[in-house]
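Peer 1: Next up is a structure, given as C-alpha cells.
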Amino acid sequence: MSSDADMAIFGEAAPYLRKSEKERIEAQNKPFDAKSSVFVADPKESFVKATVQSREGGKVTAKTEAGATVTVKEDQVFPMNPPKYDKIEDMAMMTHLHEPAVLYNLKERYAAWMIYTYSGLFCVTVNPYKWLPVYNAEVVTAYRGKKRQEAPPHIFSISDNAYQFMLTDRENQSILITGESGAGKTVNTKRVIQYFATIAVTGDKKKEEATSGKMQGTLEDQIISANPLLEAFGNAKTVRNDNSSRFGKFIRIHFGTTGKLASADIETYLLEKSRVTFQLKAERSYHIFYQIMSNKKPDLIEMLLITTNPYDYAFVSQGEITVPSIDDQEELMATDSAIDILGFTSDERVSIYKLTGAVMHYGNMKFKQKQREEQAEPDGTEVADKAAYLQSLNSADLLKALCYPRVKVGNEYVTKGQTVQQVYNAVGALAKAVYEKMFLWMVTRINQQLDTKQPRQYFIGVLDIAGFEIFDFNSLEQLCINFTNEKLQQFFNHHMFVLEQEEYKKEGIEWEFIDFGMDLAACIELIEKPMGIFSILEEECMFPKATDTSFKNKLYEQHLGKSNNFQKPKPAKGKVEAHFSLVHYAGTVDYNITGWLDKNKDPLNETVVGLYQKSAMKTLAFLFTGTAAAEAEGGGKKGGKKKGSSFQTVSALFRENLNKLMTNLRSTHPHFVRCIIPNETKTPGAMEHELVLHQLRCNGVLEGIRICRKGFPSRILYADFKQRYKVLNASAIPEGQFIDSKKASEKLLGSIDVDHTQYKFGHTKVFFKAGLLGLLEEMRDDKLAQLITRTQAMCRGFLARVEYKKMVERRESIFCIQYNIRAFMNVKHWPWMKLYFKIKPLLKSAETEKEMANMKEEFEKTKESLAKAEAKRKELEEKMVALMQEKNDLQLQVQAEADSLADAEERCDQLIKTKIQLEAKIKEVTERAEDEEEINAELTAKKRKLEDECSELKKDIDDLELTLAKVEKEKHATENKVKNLTEEMAGLDETIAKLTKEKKALQEAHQQTLDDLQAEEDKVNTLTKAKTKLEQQVDDLEGSLEQEKKIRMDLERAKRKLEGDLKLAQESTMDIENDKQQLDEKLKKKEFEMSNLQSKIEDEQALAMQLQKKIKELQARIEELEEEIEAERASRAKAEKQRSDLSRELEEISERLEEAGGATSAQIEMNKKREAEFQKMRRDLEEATLQHEATAATLRKKHADSVAELGEQIDNLQRVKQKLEKEKSELKMEIDDLASNMETVSKAKGNLEKMCRTLEDQVSELKTKEEEHQRLINDLSAQRARLQTESGEFSRQLDEKDSLVSQLSRGKQAFTQQIEELKRQLEEEIKAKSALAHALQSARHDCDLLREQYEEEQEAKAELQRAMSKANSEVAQWRTKYETDAIQRTEELEEAKKKLAQRLQDAEEHVEAVNAKCASLEKTKQRLQNEVEDLMIDVERTNAACAALDKKQRNFDKILAEWKHKYEETHAELEASQKESRSLSTELFKVKNAYEESLDQLETLKRENKNLQQEISDLTEQIAEGGKRIHELEKVKKQVEQEKSELQAALEEAEASLEHEEGKILRIQLELNQVKSEIDRKIAEKDEEIDQLKRNHIRVVESMQSTLDAEIRSRNDAIRIKKKMEGDLNEMEIQLNHANRMAAEALRNYRNTQGILKDTQLHLDDALRGQEDLKEQLAMVERRANLLQAEIEELRATLEQTERSRKVAEQELLDASERVQLLHTQNTSLINTKKKLETDISQIQGEMEDIVQEARNAEEKAKKAITDAAMMAEELKKEQDTSAHLERMKKNMEQTVKDLQHRLDEAEQLALKGGKKQIQKLEARVRELEAEVESEQKRNVEAVKGLRKHERRVKELTYQTEEDRKNVLRLQDLVDKLQAKVKSYKRQAEEAEEQSNVNLSKFRKLQHELEEAEERADIAESQVNKLRVKSREVHTKVISEE
C-alpha cells in the first residue's frame, strides 16, 4: 500500500483509485470476530452479512444486519474476511475466497467509485453510469512505466503492462475485453487505444522534436474517424444499450522497433445480420437506416427513392424507430464525413447508400400465389423496379430469378418453381447477405486506410467481444457466442496454469500439475470434434430431406447418455421449448434448434447472385465475385485443398474465424479485462447482487477463483510470516542466536497443530491452500488474547507487590520513629543530657552571627532586585493590559467572522438544498415527459400498424374486385365455349374410353419411371457419398506427392465413369419426365374440358342467382345510405348549432376578459403613477437592502422561472396527452370500422370458399358419373339404336337449357348495368359524405382556433395577474405612510378578482343552460334539417377564412425560411473561411512533411546511386580485365612473329600454326565482342532498372502524397471532433466558472457581512436605531403576511368554486349518459321493428316446412335466439348465426338437388324401359324446388340487409356518444385551466410568504448578532474589571511588603 503522498501524482483521480491511509488504519483497528462474522445465503439479496448465534446438527442460526434471525444449512454459511481485506485491490489475496466475498468486495469498492479491481489475472471493471475523472492526461502519465503492484487497479495499468512486456520480452500482446451488452467494453477499448496513442507518440523524449510533426495521435484519430462508420452499420439499439455493438472486433495496434505506433487493422466477428430483417419490439435495426431517413440530406432520399417514414419499410419498423439519446441527423453527417475521411471514392459512397436503400426496398417486395397452383408470382413490380434500379439490375430478370430460379441438375440447369414463403425467405437471405458483405468490405477498406506502410515489428491486440449469454430462448447465435467464450475460458485456464507452473517451478514446489484448460475439453469436444454438434449440423445440411427433427434425433442418438455435458432439458411452464442442454463452465444452457439447418446453410438464390455478379454497379459485382470463384473452384477441381468450398456453412466459417482468432491469441501474451453491468436501470452506485453474480459466473471470474483454490492461492514471504506468526509458538524459534527466516518458518509451522499437507515451502515464500491462512489468523487472535490476558495478570501482580513493599517500608519507618521517641523520653532527665542541651547551642553562635551578616547582604541585594523586578512587572502589566485588549478585540473579530461564515454556510446549504430539489423536480418532469413520449411512440406505432392493416384490406378488396372482373370475363368466354363444347360432346364421348385406357397405361409407365428415378437417385446418393469419402482421403493424404498423384488419377477415372453413368441416367430420366409431363398435360386438358362441360351450366345458374342477390343487396345499401345521409344531416345541424352557441359563449367570455383586462390595465396605470411619486423613497430603501437582497432575489427569480417553465411544460404535456387521447379514440373508432369491414370481407371470403368447395364436390361427383356413364356405354353398346333416339330427346333438352342460359346471360347483363349505375350513385353519395366530413372537420378546426384564442386570453390574464402581484409586493415595501393606499388598491384588485370569478361562474352557468338547450334541441332535431344549407354556407365561409389564415402562415413560413437560408449562407461562409485557414495551416504542415520526406527520399536515391555506381565500376573493372587479356594476346602474337622470323626454315609448319593461332585470336575477339555486348546489355538493363526505380519512387511519392492528404483529412476531422469536445469542455468550464462565480459571490457577501459587522461593533448606537427600524419593518411584514393569508383564503374559495364547477360538469356528463340511454331506447324500438320483420320472415319460411324440415328447425332456433338476446352485440351474433343456418340450409337444398339429380339419372335408366312421363314429372318437381330455394335465398338476403342496417344505426349512436364524451372532455379542460390559475395564485402567495420569511430571518439574525455583541461587550468589561482588581491587589501587596 502506498501512502497518500505517493497517490498525489494521480491528482483528483486519487480517491477513485485507492483508499486513503486513514481508511486503511480504521479498517485494521475495526473490531472483528472471525468465528461469528459470516455471509449467509438469502433468497432476495443472494448473500447477506450476519453474525452466528448457534450451531446445531448441521444447521446454523445467525442474525442478519437487518435484524432478522435465519437458520440455514452449514454449506450456505461462508466465513467473512478480516477488516484489513475490505475493499482489497486484488481479490485473489483474500483469506477466504468465495462468491459472497468477491461480491461484497466489488460492491464496497463500487460504492466508493473504485470501479477497477483485480481478481488474479483478471481486471474486473464495473460500469459507473457516470463520468469519473480517472482518464485524464495526469492519470496517463502517473501509470506510465509502473508495475502492476505499484499502482492501483486501472485499465491504464493493464495497457501499460502489455506495452512494457512487448518492449522488454519482444513478444506480441493481447488484451481480452469481454462482458454483456452495455457493460462498457467499447469504452474501455477506446481508453486502451487512447493510452497507447498517448504513450507511444510521446514515449521517446530524445526524439520528440523529430517526431513532433509526424505521428501525433494519428492512429487514434484514424480509428475515431472509422468509429462513426462502423457504428452506423454495426451498432443498433437493444433493450439494455442504446448504442450496442452487434459484432465483435479484434483491433491490432502495430508498433515499430522503437515502440512507436506504426499502423493498425481491425478484424470483425459474428455480425448479427438477422437484425437486418427482424427486430424485437423494444429494439431497432442498424443506425444507418434511420440516419438516412432523418432527412438531413434530402438528396439521399431522392437518390434512394425512399420516404422519410420508417414505417413505410417492413425490415426497419418492427421495433422502435427513434432513440432519445441519439440524434440521427448529426450521426448521418458524422457517417458521411467518415466515408470521405477514410478515402472511399464518390462511386463507392453512392454504392454504399444505394445498397442500403435496396435492402430497405427488399422488405417491401410482395408476392402472391397463382390460382390453382402453389407457384409464387409478383404482386406488383413497383418496389422491385426501385430495388433493381438501385442495384443496376433488370427488374424483370430479378423477379424471374426470385420466382423461377435455375438449379443445376447434373450438367444442366433446370428452372424450379418457388412458393410464396420460399420467395420471401430468399429475399430476406439476399438482403442479409448484401448487408453483411458490404459491412465486411467496408472493414477491409478501413484496414487499407489504417495501414500506413511503416515498418512494424510487434503488435498489441484488443479483443472486444460479447460475453457468455444465457437467455430464455437460445438459438444457434448463442451457441456460437458461448462456444467462443468457452474457448477463451479454456485459453485463460491454460494460461493461468502455465503461470502457476512457472511460479511453483521457480519456488521449487512439489505439486501434481493439473492443466485446468482440460476441464472444459469435454464441452468443447462435444461441440467441435468429429460427430460433435457442429459436425452433425453440417452433415445434416448436406442432406436435402433433413429436418430439425432428424437433426435432433441424431444428436440424441450420438450424445444423449454418452456425454455428461449433453442433457435433455426438462419442460418448463411458461417458457419456450428447449431441445437439448449443454453444461458450460458458466452454467447449463437450454438450446432450441428450430431453423438451425436453414440458418447454417444460409442459402442464397444462385440465379440472383449471378445477376449481382453481372451488375453494372462495380461494388455489388465485387462483393459477390468470391461466390462465383468458390463455385468454380468447387465445380472444377473437385478435390482441392478446401473441401466443399462451394458449400461452406455458417458454422464452418465461424469455426475457421474462431481458430484464426485463437491462433492469434496463442501467439501473444494475454491480459484479461471483464466488464460488469451493476444494474438494469443504469442507476449510478446501485448494484443488483443476482445480476452481478450471474456475470461473474459467465465471464470466468469465479472459475479463476476455483482454479486458485485448487493450488496454493495464499503465499507470504518468510520474513513476514516469521514476524506475524512467531507469536503462535515462540519457543520453536531459539532466542539469542541467528536463524534463517525459512528455517524459522519451517520450525514454527512444524510445531503448530495444522494439516501439514495444506502448505508448501518455496525458496522465498511459504505457500498455503485456501482457508489455512484464515485458520492461522484465528489461532493468532486466540494466542494474542491469551498473551494479553497473561500480561494483564502479571502487571496487576507487579503493581500489588509494589504497593505491598511500600506498606512494609512505611511500617518499619514508623517502628523506628517510635523506638527513638521512647529512648529520648527515657534519657531527657539525665544531668549530663541537660548539660549537653545547654552547651550545644553555644557552640554554634559564632557560626550563626556569620550567617546573619551574610543574610543581611543577601537581603540588600534581593531588595534591589525586587525594586527592579517591580518596575519590570509594572511595565509588563501595562503591556499585558494592552495585549488583553487586543486579544479581546481579535476574539470579537474572530467570533464575528465565524458567525458570518456560519451564516454564509447556512445560506450555501440552503442553496444546495433548493438546487437538489429543483434538480429532482426537473428529473421528475423529464421522466414524465419520457413516459409521455413512450406512450406517444406506442400510439403512433399502433396507428401505423392499423394503417398498414387498412392498406392490406384495401388491397384485398381490390384483389377481390379484380377476381370478380376476371370471373365475369371468364363467364363470357365460357358462354361461347359451351356452344362449341356441346357440339364436341358426342365426339369426346367416344374418345374418353380410349383416353382412359391410355391414361392407365401412362400411369403404369409413369409409376415405372418414378421407380427407376428413385433407384437412380439412390445410386446418385451412394455415388455422392463415395465421392465425399474419396475427397476426404485426398485431403488427408497430402503428405506424399507421388501417392497423391496416383490416387488423384484413379479418382478422376472413377469420377469420369460415374459422371458418364450419371449423365446417361439423368438424360434418360429427363426424357421420361418430359414424356410424362406431355402426357399429363394432355390428360389434364381433356379432363379439364370434360369437367368444364359438366360444371359450367350449374356455375352459370349459381352466378345468375348471386347477381340477383347482389342487385338486391345494393338496392338495400342505397336505401341505407340515404337514411345515413339524412341522419348525418341531422347530426350536422345539431353540431353546427352547438358550435354557434359555443362561439357566442366564447365571444362573451372574451369580452368579459377584455373588460377585466381593461380594469387591470387601468389599475396598472395608477400604480405606475404612484411609482413615479414613490421613486425617491424606494431608492433609499433599495440602497439600504441591496446587498442583502441581491442573492435572494436572483435565486427567487431562478426558482420562479424554473417553476413557471416546468408548469408550462406540464401544461404542454397535458395538452399533448389530451390530443393523443382524442386521436386514440378516433383510432379506436377506425379500428371498429375496420374490424366490421374485416368481418364482412371474411364472411364474403368464406362464402366464396364454400362455393368453391361445393363446386369441387360437384366436379368430383361429375367425374364419378362420367366413369359410370363410361361403364354404361361399354355395357349397353348393343342398345345404341334406342339410345340414339333418346339422345335426340336429350339434345332437345340441351337446346332448352342453352336457351335458358342465354336468357340468364341477358338478365345478367342487365343486372351488371344496374350494378354499375348503383355503383356510380354510391360513389356520388360517398363524395357528398366526404365533403360533409371535410366541412365538419373544418368547423372543428375553427372551434379549436377559438379555444386556443381563449387559452391565450387566459394566459394574458394570468400574466396581468402576475404583474399585479409583483406591483403589490413592491408597494408593500414602501413606507407606512402609503400602506393604507396600497392595502386599498389590493382590496380593489381582490374585488376585481371576485368579480371575474363571478363572471366565470356566470359563464359556467350559461354553459349549463346551453347544454340544457342542447338537450331540448336533441328532441327537435327533425325541424333543424332545413338549416343544413345555411350551415354549409357558414362552413364554406369558415373554410375561406382558414385558407386566408393558412396563406398568411405560409407567407410567414416563407419569410422565416428566407431568413434561415441567409443565416445558413453566412454560417457556411464562416465555416468556409475557417476551413480555408485550417487548410492553409495544414498545407504548411504538409509542405514541411513533404520537404522532410523528399530529403529522406533524396538520401535513399543517393544511396541507390552509389550502389549503381559501384556496380558500374565493377563492370568497368571487368572490361579492363578483358583489355589486359587482349594485351596479353598481343604479346603472344609478337612472340609468334619472332618465332616466325627465327624459324623461316619451318615456314609451312609455322604458317599453319600461325593460321591456327589467328583462328584462336578471332575466336577470342569474338568472345571479347560477346563480353562487351553482354556488358553493354547489362548496363542498359541497369539503366532501365534505375529508370524503373525512379518511376517507382515517383509513384511511391504520389501514393504517400495521397495518404498524406488522407491523413490531413482525417486530422481535420479529428480537429473537428476535438473542437467539438473542446466545445463540450468549454461548456463544462462555463458551468464550473458559474459555480466559481457563485462561490466568489458568496465570498463577497461574506466579506460584506464582515464589514457590516465591524460597522455594527464600532457603532452600537446606530445598530440600536436600526433594530427599532427593523421592528417597525417586522410589524409591516406581519401586516402584509395577514393580507396574504386573506388572499390565500380567497384563493381557496375560488378553488371550491372550481370544484363546484367540476361537479356541474359531472352532472352534465350524467345528462349526456341519459341522452345515450334515450338513444338506447330508440335503438330498442328499432330492434322491435326488426323483430317484427323477422317474424314476417319466419312466417314465410313456415310455408316451406313440408318441403325442408331442417330449414324450419333452424328458423325456430333463430326465433329463440332473438327473443333470448338482451344486448345489441348478442343480437348481431345471433343474426350471424341465423345467416350461417340459412347457408347450411342452402347446402342442404343443394344436396337435395343433387339427390334429385341422382334420382333423375335413375329415372333416365328407367326411361330406357319406357318412363318418359316420370322424368318430366321429376324435372317439374326439381324446378319447383329450385324456385323455392331461390325465394328462400331472397328472404335470407333481406334478413342480412336488415341486420346491417341495425349495425349502422348502432355505429351512429356510438359516434354520437363519442361526441358527447368529447364535449365533457372540453369542459374538463376548462376545469383544469381554472385549477392551473388557482395553482398560480398559490405560487404567488408562497413567493410572498417566502419573502416575508426571508425578511423575518434577517431581522432575527441581526437581533441575534446584536445580543451577542452586547454579551461580548459585557464579558470584556467584566474581564477588564477583574484585571483592575487584580492589579490593585498586587499593588497593595507590594506596598505592604515594602
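Cβ atoms are placed via backbone N, Cα and C, with glycine included.
What Swiss-Prot records for 33-82 is domain 'Myosin N-terminal SH3-like', and it gives sequence analysis as the kind of evidence. Positions annotated as phosphoserine by Swiss-Prot, on the basis of similarity to another entry: Ser36, Ser1095, Ser1161, Ser1236, Ser1291, Ser1494, Ser1513, Ser1553, Ser1725 (among others). Among the features that Swiss-Prot reports, phosphothreonine is placed at Thr69, Thr1500, Thr1735 (among others). Residues or ranges marked as domain 'Myosin motor' in Swiss-Prot: 86-781. Residues or ranges marked as ATP binding site in Swiss-Prot: Gly179, Glu180, Ser181, Gly182, Ala183, Gly184, Lys185, Thr186. Look at Swiss-Prot and you will find 658-680, 760-774 tagged as region 'Actin-binding'. Summarising the annotation, Swiss-Prot assigns domain 'IQ' to 784-813 and lists sequence analysis as the type of evidence. According to Swiss-Prot, the coiled coil annotation covers 845-1926.
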Peer 1: Take the mean position of the Cβ atoms of Gly179, Glu180, Ser181, Gly182, Ala183, Gly184, Lys185, Thr186, the recorded ATP site. Which other residues of that chain put their Cβ within 8 Å of it?
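Peer 2: These residues sit around the ATP site: Asn127, Asn241, Gly467, Cys675, Ile677.
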Peer 1: DSSP secondary structure for Gly179 (ATP binding site), reduced to helix/strand/coil, please.
Peer 2: strand
Peer 1: Which chain-mates of Glu180 (ATP binding site) that are at least 6 residues away have a CB under 8 A from its CB, listed by sequence?
Peer 2: Arg240, Ala466, Gly467, Glu469, Cys675, Ile677, Gln695, Cys698
Peer 1: Specify the count of other C-beta atoms within 10 Å of the C-beta of Gly184 (ATP binding site).
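Peer 2: Neighbour count, Cβ to Cβ under the 10 Å cut-off: 23.
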Peer 1: Sorry to bug you, but what's the C-alpha spacing from Ala183 (ATP binding site) to Thr69 (phosphothreonine), rounded to the closest Å?
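Peer 2: One finds 36 Å between the Cα atoms of these residues.
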Peer 1: Which residues of the same chain, at least 6 past either end of the domain 'IQ' (784-813), have a Cβ under 8 Å from a Cβ in it?
Peer 2: 727
Peer 1: Using DSSP and three states only, what is Thr69 (phosphothreonine)?
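Peer 2: Once the DSSP labels are grouped into three classes, Thr69 (phosphothreonine) ends up as strand.
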Peer 1: I'd like the number of other C-beta atoms within 10 A of the C-beta of Lys185 (ATP binding site), please.
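Peer 2: Around the Cβ of Lys185 (ATP binding site), 28 other Cβ atoms lie within 10 Å.
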Peer 1: Check the binding-site residues Gly179, Gly182 for other C-beta atoms within 10 angstroms of each C-beta and report the one with the most.
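Peer 2: Going through Gly179, Gly182 one by one, the largest Cβ count within 10 Å is at Gly179.
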Peer 1: Around the Cβ of Ser181 (ATP binding site), how many other Cβ atoms lie within 10 Å? Please give the count over every shown protein chain.
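Peer 2: I get 18 for this one.
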Peer 1: What is the interatomic distance between the Cα atoms of Thr1500 (phosphothreonine) and Ser36 (phosphoserine), given in whole Å?
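Peer 2: Just about 78 Å between their Cα atoms.
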Peer 1: In sequence order, which same-chain residues at least six apart have a C-beta under 8 angstroms from Ser36 (phosphoserine)?
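Peer 2: Non-local contacts for Ser36 (phosphoserine): Thr51, Val52, Gln53.
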Peer 1: Relative to the Cβ of Ala183 (ATP binding site), which residues of the same chain, six or more apart in sequence, are found under 8 Å away?
Peer 2: Asn127, Gly467, Cys675, Ile676, Ile677, Gln695
Peer 1: Sorted by position, what residues of the same chain at least six away from Thr186 (ATP binding site) have a C-beta under 8 A from it?
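Peer 2: In sequence order, Ser245, Asp464 meet the Cβ cut-off.
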Peer 1: Under a three-state reading of DSSP, tell me whether Gly184 (ATP binding site) is helix, strand or coil.
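Peer 2: In three-state terms, Gly184 (ATP binding site) counts as coil.
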Peer 1: Summarise the domain 'IQ' (784-813) as counts of helix, strand and coil residues per DSSP.
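Peer 2: Per-class counts: 30 helix, 0 strand, 0 coil.
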Peer 1: Given the model, what does the mean pLDDT over the region 'Actin-binding' (760-774) come out as?
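Peer 2: 83, rounded to a whole number.
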Peer 1: Tell me the coarse DSSP state (helix, strand, coil) of Thr1500 (phosphothreonine).
Peer 2: helix
Peer 1: Looking only at Cβ atoms, how many others are within 10 Å of the one on Thr69 (phosphothreonine)?
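Peer 2: Around Thr69 (phosphothreonine), other Cβ atoms within 10 Å: 10.
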Peer 1: According to DSSP, how is the region 'Actin-binding' (760-774) divided among helix, strand and coil residues?
Peer 2: 3 helix, 6 strand, 6 coil
Peer 1: Validating a neighbour-count step here. Other CB atoms within 10 A of the CB of Thr1500 (phosphothreonine): how many?
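Peer 2: If we count other Cβ atoms within 10 Å of Thr1500 (phosphothreonine), we arrive at 12.
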